[in-house]
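Reviewing the structure listed below.
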């Protein structure tokens, strides 16, 4: 076989007989390809082990016959736009190894995983806390209300919630996990759903309010965003209880 053919073979799964033959091939190019192949396998094995470890809380609950939902939020810090939450129920057939804390993933990878999570999850619920709600009851309480919405929007009622360092105001048993999106695949999946949903929402708002650069800053207080606030004032989607938005609310 040519080195080009061997390279193509090593892109997929290779049986032990073929590997044994290739290991006997003394060509330097072949041995380099095998080295890369083995590194890729080791990296994948490590990722799979970490993925299974992030199911430890779910596995314990599943063994007890419980339905588990992971809950997370995105958008507590921006000056504009809602806080968005998601609740996701997975089962033991879920195999998207790349699912992890959304902050550890590139925008491209999040977009790639979003429809796959929707397809493979048992149920997904989304909650939205509007800027008006945030201004009325504060961001922390609005976050909790939105989390409750997400849980209540699930097609199936869970027996247990795994929540990223929050308490959801619903009558369901909960486990609060610090940095939960790095410890639970259910929470990680929820973090991706919430993040992509909110980013797409802010992209839509960018078309309505193009001066504020929402498609790039997602409502966070970047220099360009602050400059637009100073020049044009606050929009209806700005959080007027947040500084410095209140300084540029020309309609109050």
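Placed from the backbone N, Cα and C atoms, the Cβ positions cover glycine too.
Predicted automatically and left uncurated, TrEMBL annotations should be read as such.
Not measured: the values here are computed from a predicted model.
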Further binder of divalent metal cation named by TrEMBL next to 72, 73, taken from the candidates 15, 135, 159, 164: 164
Beyond the site residues 72, 73, 164: chain residues whose C-beta lies within 8 Å of the centroid, for divalent metal cation: 71, 74, 85, 86, 147, 163, 165, 166, 180, 181, 187, 190, 191, 194
Those binding-site residues listed as 72, 164, and which of them has the most Cβ atoms within 10 Å of its own Cβ: 72
